[in-house]
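According to Swiss-Prot:
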SIGNAL    1-21  signal peptide
DISULFID  C31-C48  disulfide bond
DOMAIN    62-213  domain 'Cupin type-1'
CARBOHYD  N77  N-linked glycosylation site
BINDING   H110, H112, E117, H159  Mn(2+) binding site
Amino acid sequence: MKVSMSLILITFWALVTIAKAYDPSPLQDFCVAIDDPKNGVFVNGKFCKDPKQAKAEDFFSSGLNQAGITNNKVKSNVTTVNVDQIPGLNTLGISLVRIDYAPYGQNPPHTHPRATEILVLVEGTLYVGFVSSNQDNNRLFAKVLNPGDVFVFPIGMIHFQVNIGKTPAVAFAGLSSQNAGVITIADTVFGSTPPINPDILAQAFQLDVNVVKDLEAKFKN
């Protein structure tokens, strides 16, 4: 009996853990997010409007036909369509981005703490990849993508995309969260507020402390 009860408890805990790993499933047709809490219901971090007052515009966005501006340090631009742009996405567990890359531009190493990403390339040539966890010996999974190719970045894995062509590239990606979140590794480590003690980073990255200070100066917000 003790063994059976232990198995039940382990199974229950596993199910609870899985349930918390992704956006909760909706318990209604939709839950259009609003900022005004008056007469609203709080779900998934957003207040929901009365469903009888929902309209088509709550489920609509435009502009993904427009190229993003890529004249920045990394030569790329991410245009996000999540619950902040389409309030009707609230509780639906999905969002979308358009990524524009200048020649030799990149979407630098980053991670989405709340979502798996599936990317399709529609223009140009990209070198993409992700690195697995310490438990899997930090293996690199990488491919060169051409238009029509698709690649998946598992939830939480550090990943990147680089335009290896001489012409602009365009990709679209779906994310398994209404608000996937993004942590850009270099910005986070070297550009935190307040900054991480450079001695800590020097030891962690096996760098001279002056090199770390220079990096922190480059990434300072």
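Each residue, glycine too, has its Cβ placed from N, Cα and C.
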Chain-mates of H110, H112, E117, H159 with C-beta within 8 Å of site centroid, Mn(2+): T111, A115, F130, F153, M157, I158, A180, V182
Local confidence of the prediction over the domain 'Cupin type-1' (62-213), expressed as mean pLDDT: 97
Secondary structure at H159 (Mn(2+) binding site), reduced by DSSP to three states: strand
Rounded Cα-Cα span from C48 (disulfide bond) to H110 (Mn(2+) binding site), Å: 31
N77 (N-linked glycosylation site) and H159 (Mn(2+) binding site), distance between Cα atoms, whole Å: 16
Residues that sit under 8 angstroms from E117 (Mn(2+) binding site) by C-beta distance, when 6+ apart in the chain: V152, F153, H159, A173, G174, L175, S176, A180
Greatest C-beta neighbour count within 10 angstroms, which of the disulfide-bonded residues C31, C48: C31
